[in-house]
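Q: Sharing a structure below in structure tokens format, with a few things to ask.
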Amino acid sequence: SFPPPSFFDRFSKKMIPCTVSCSEQCSCSWDIGQQRIYNITVTVENPLGKKIAMDVFDVTHRIYPAAPFQLWEECTDTEIRLYWKHQNKGIALFCQTEVVHPDGRVELRNSSDAHIHYASITLHGLQPYTEYKARVHCGAAKHFWRWSEWSETQTIRTKEASPSGKLDIWREITPALGGRNVTLFWKHAPSFRANGRNISYEVTWEKIEDGSKPESISFSSVYNSTRISIDKDSYRITVKAKNNVNYSLPSVLIIPRATGNSSSSEELKEEQVNGTDDGIFISWEPRHIYDVYVIDWCNFPTLQPCDLQWKRLGPNTSSALINSAAFVPGVRYNFHIYGSAANRAFLLEKKTGYLRELPPLLDPVVEKVELTSSAVTLSWDSYPTDESQSGFIRGYHVYVSPIQEDCSLKGSKKHVLPDDSVLCKYTVENPEEKRYTVRHLLPNTKYKLVVKAYTGGGETPIVNFIYIDTPFDSNMLCLLVLLVIVPSVIAALCHWKMKWVEECCCPVIPTPNKSTVLSFKDFKMGSEKVLKISDCIPDMLAVDNKVEAQKL
């Protein structure tokens with residue numbers, strides 16, 4: 001520790017009676033009386049040595065004012081006049097006011113207007129019915145040395161004003177008996193400010209053509225939608241916000257006359273869109289006749305009502321990334337794109353997509369199996385491909401394999417399971433084609449089969465199979481009978497009746513020399529035997545050659 005320093009004023013040539021206090025730094029104070037200029041020598045000494053520091057100053061140039069106190073204010077809807085008191089003692093002050101906005105932004109504003117007993121500053125450009133925090137500190141205006149401590153913080157709210165801007169409104173139209181139901185939705189647009197408390201909403205609708213008396217209904221601030229029933233005529237609908245001061249500007253929608261052609265929306269083809277990690281990207285063909293585009297969708301498509309959402313986009317826009325904290329993978333979201341001109345909206349395009357596709361929740365159930373000895377036809381007609389699925393059904397895979405061995409059927413692709421067994425894989429690329437025939441099977445063979453649907457998120461693992469037994473091939477049986485059994489029977493019969501068959505099919509042609517007709521006494525003419533007529537009694541005798549007859 002150091003011994004307390006000594007203070008000596010060279011002008012008055014006196015030691016200054018000063019009590020030293022040290023916390024973060026050491027300080028010393030004394031009563032200055034009438035003296036203004038000091039030449040102070042500060043001496044610190046211990047057995048090891050001595051240190052001296054000197055400073056010459058005018059006490060009127062070292063003003064450290066006391067903190068302002070007793071703050072109060074006067075307000076309008078956009079201004080605050082802030083007042084405070086100070087201990088002046090005839091010194092002109094320069095003050096700085098710190099204003100903290102509701103969003104945390106800090107603004108500093110300077111003022112030098114000082115009254116004898118109080119000072120003030122006017123804060124302009126504020127928002128109506130908004131809470132601000134303000135505090136003040138001051139310094140000497142002529143010879144600034146350092147700021148005073150801050151005053152206490154004053155919390156101030158500006159006065160109410162009429163709501164500024166317009167509400168953002170949208171509608172959903174559904175057919176009803178004798179007319180239509182119009183569900184109106186409203187929300188605060190980015191430019192809208194309530195500017196007060198006790199906010200309420202007023203909805204007014206009236207026919208455009210006949211100028212009938214408008215109808216209206218009011219709602220408290222907790223409501224953001226309502227449903228009204230109208231006939232088939234065209235209507236003008238306005239929605240306004242109201243506070244304790246006045247109404248906002250009206251937001252207007254025109255509901256055109258019902259044309260009776262309810263199928264125009266259905267005729268628009270629904271285009272599939274893809275999601276990303278940031279949202280679902282929507283694009284459309286721009287039309288220059290519209291001054292704004294509106295995209296609407298449901299955050300919770302399966303709920304009724306579905307929490308309709310919408311987004312407005314400028315006339316030079318042709319795409320948007322739609323994101324919502326409510327979007328989850330595996331849920332299909334439907335988007336409608338409207339063009340709006342003169343407060344009339346027209347449906348332009350329809351889109352549908354997923355934030356991320358997942359594999360199908362359920363596998364197709366094979367409802368019908370048609371078997372032959374070499375083919376099987378599978379049918380799964382009742383399998384849904386609509387929005388109940390967790391992805392767009394892109395097609396089907398049919399897997400087949402014999403029970404006892406790996407599959408290698410003609411026209412198939414190999415699919416290896418985790419257990420290294422091999423299946424034959426066939427692909428049906430049309431999701432509406434729910435029938436497939438597997439050919440080139442072997443007769444009298446047991447097979448296992450399964451049908452899997454696939455989406456952009458893939459397909460679920462193969463777990464359950466169905467089993468079939470192909471029957472014998474009747475054509476092969478007939479061919480076997482024709483080629484083997486019938487010839488065998490014929491051969492056996494032929495062997496059993498060989499002599500009879502030979503006599504019937506291949507009779508022996510007798511030779512005259514072995515005939516009993518020629519078993520008579522030899523009478524030869526040359527080398528040939530000659531039959532004498534007297535040796536037999538013929539039934540008939542004909543002589544063709546007279547010369548031979550005479551010779552005989």
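Numbers run from 1 along the shown chain.
Glycine residues also receive a Cβ, built from the backbone N, Cα and C atoms like all the rest.
TrEMBL: automatically predicted annotations, no manual curation.
TrEMBL lists these features:
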| type | residues | note |
| --- | --- | --- |
| DOMAIN | 65-161 | domain 'Fibronectin type-III' |
| DOMAIN | 163-262 | domain 'Fibronectin type-III' |
| DOMAIN | 360-473 | domain 'Fibronectin type-III' |
Q: By DSSP, how many residues in the domain 'Fibronectin type-III' (360-473) are helix, how many strand, and how many coil?
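A: Going by DSSP assignments, the domain 'Fibronectin type-III' (360-473) contains 0 helix, 46 strand, 68 coil.
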Q: Mean pLDDT across the domain 'Fibronectin type-III' (163-262), rounded to an integer, is what?
A: 93
Q: Quick one: DSSP breakdown of the domain 'Fibronectin type-III' (65-161) into helix, strand and coil?
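A: DSSP classes over the domain 'Fibronectin type-III' (65-161) add up to 0 helix, 48 strand, 49 coil.
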Q: DSSP says what for the domain 'Fibronectin type-III' (163-262): how many helix, strand, coil residues?
A: 0 helix, 56 strand, 44 coil
